[in-house]
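*Asks:* Next up is a structure, given as structure tokens.
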Amino acid sequence: MTSSTDSVPVITFADSPFRLHQPFPPAGDQPAAIELLTEGIGDGLMYQTLLGVTGSGKTYTMANVIARCGRPALVLAPNKTLAAQLYAEFREFFPENAVEYFVSYYDYYQPEAYVPSRDLFIEKDSSINEHIEQMRLSATKSLMERRDVVIVATVSCIYGIGDPVDYHAMILHLREGERIAHRDLVQRLVAMQYTRSDIDFRRGTFRVRGDVIDVFPAENAELAVRIEMFDDEVEHLTLFDPLTGHLKQKLVRFTVYPSSHYVTPRATVLKAIEAIKDELRDRSAWFQTSGKLVEAQRIEQRTRFDLEMLNEMGFCKGIENYSRHLSGRGQGEPPPTLIDYLPSDALLFVDESHVSIPQVGGMYKGDRSRKENLVGYGFRLPSALDNRPLKFEEFERLMPQTIFVSATPSTYEAEHQGQVVEQVVRPTGLIDPAIDVRPATTQVDDLLSEAKRRIAVGERVLVTTLTKRMAEDLTDYLAENGIRVRYLHSDIDTVERVEIIRDLRLGKFDVLVGINLLREGLDIPEVSLVAILDADKEGFLRSERSLIQTIGRAARHINGRAILYADVVTRSMRAAIDETERRRVKQIAFNQANGIVPKTVSKRIKDIIDGVYGGDVERDGRSVAEPPPEYFSMNEKTVAKSIRKLEKEMQEHARNLEFEKAAAARDELFRLRQRTFGADQHGTP
């Protein structure tokens, strides 16, 4: 069924709670892809792959599939930046449904660690982004309350959070006329980790004014609830604006969700305390028997302090290290994660699956190696090893019906596919670039002449090399021959990288040389030529997937072309050339059959740079990095002031979801602390 809201058609489907705002009808390969994926889900296929080329509208296809199936969906993205983009797009498609954002809520995180070689213990240090914490709590609330939910998440979703059973047991249901003692209500709020604050009323707090209790729900950023009591009875429930105090809506019932995912009923905490004491007794005895008296004293002192806090307050610093006891799990059992909150019929979309799947697989071992040191030297009990991300095989067992989304699916997707659905034809009519193979022996001189030809008509060139040395030498050679050129490599941080791309688009230089130009964000419409040097050197940077990804960088220009410099055609080259040619044939045939004339993508320069680059800064030469500030001459007072300023900037950028800017402020903070205090602030080497 189709209706219209503000001139945007709204599409609904039978038995689906989703209302899809459809600014344009599906085009190109989208209609067939949507139909096939929806059929596959209906037929019960556990795994499907959407092979969608760059610029083919994969997010739009996902939104259509979700709307047709009418089931809650989890969309897994490889990083925060891409997750934020997907979140914004899904909110445009589903403004009337629950689109949620679940990523790590740390602006800054330094994990607890011990470096035996230096006898250095590094305390856990972190800065939590309150806005993202609220969004995480909102995500789990939506899953418990409704079916029309889309959650965009990063790999953070495989890390342990509170057990959904305990979380659900702590929910407070309020109804008009319900009998509950004023004191009991306050105690329930404290048990749910709400803080009483009669002066600073903010998210996750409550205040008491006579018989009136105001609660600012942890998962809500805009509205609070007023509970008016009379003689141990809930007389009125009202939503109000916590800033102005204006009443918004009278309620008959209201549900208050816990202030944290880690809340635990009192009975469970007391039971866990006894289990922790038993483990402490065994561990301390083992250390003493082994002659490790320092470790025995250390584990006793640290754990006894935590036990006292748990007994008195119901939580302690580092409570996640006792999650096995608190959730009643056995040794080695997987922790509860966001996936446990999903209903059994949920859908999982793994975006950029060739990156996301290996990322999920790599989390467990890195976390384990750090914790083994903490356990071995008496800083933590062995049960802390079970506070961990999911192992890959555990993640696999929990995966609901899954759709992998990628332009270059990897081996895992090939081994787990009920069907592969192609989305090769772009709605814009653009076709993949033509490919030339030329001899590697004359690659530099040939590249120089090709670059001059492109520059003469106002187009840009990307060049990818195998080594950093080659990139630097080639940059120098091209510069000596009058080409405006810069290079990009791993030593350049996020913000500098974005600045370089901005300058390339603005025409401040014409050729960009790099080693691995596959990373998200390098879709530059002005680029008409991609040159791959030494394309016949088999390896990670010249694999079939890497070549296809690199060739695709020229796919947004009507004159797009890729040149592979090689003396022999390798298996990877042949596969990449054949795949690109297959796509071109299909795209050209579709355009001819439908009378579509391709045109270069028009994208405002600020679209790539928004939220990252602030203001025009004059930069000359081939280096865009500003010299780092000099801190050696600062006195103690100035250093402290600078640290506070940088921390404030970092938190402000993270609050605005400007993760690149937040990362730049964080790195500057690291440098300042390291130069001032002579300590490595990054944690373990």
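Glycine too: its Cβ is placed from the backbone N, Cα and C atoms.
Predicted, not measured: the structure shown is a model, and the values here were computed from it.
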*Asks:* Please find, within the list 105-128, 465-488, 561-584, the residue stretch that Swiss-Prot describes as motif 'Beta-hairpin'.
*Replies:* 105-128
*Asks:* Taking the Cβ of Thr59 (ATP binding site) as the reference point, list residues of the same chain whose Cβ is under 8 angstroms away and which are at least six residues distant in sequence.
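*Replies:* Long-range Cβ contacts: Leu86, Glu89, Phe90, Phe93.
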*Asks:* Need the DSSP three-state call for Val53 (ATP binding site) to compare against my parser.
*Replies:* coil
*Asks:* For the recorded ATP site, enumerate neighbouring residues of the same chain (Cβ within 8 Å of the Cβ centroid of Gly52, Val53, Thr54, Gly55, Ser56, Gly57, Lys58, Thr59, site residues themselves excluded), in sequence order.
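*Replies:* Close Cβ neighbours, site residues excluded: Thr61, Ala407, Gln423, Arg426.
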*Asks:* Averaged over the whole of the domain 'Helicase ATP-binding' (39-420), what is the pLDDT?
*Replies:* 91
*Asks:* Inside 10 Å of the Cβ of Thr54 (ATP binding site), count up the other Cβ atoms and send me the figure.
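*Replies:* There are 15 such Cβ atoms around Thr54 (ATP binding site).
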*Asks:* Over all shown protein chains, what is the count of other CB atoms within 10 A of the CB belonging to Gly55 (ATP binding site)?
*Replies:* 18
*Asks:* Just how many other Cβ atoms lie inside 10 Å of the Cβ on Gly52 (ATP binding site)?
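*Replies:* Excluding its own Cβ, Gly52 (ATP binding site) sees 23 Cβ atoms within 10 Å.
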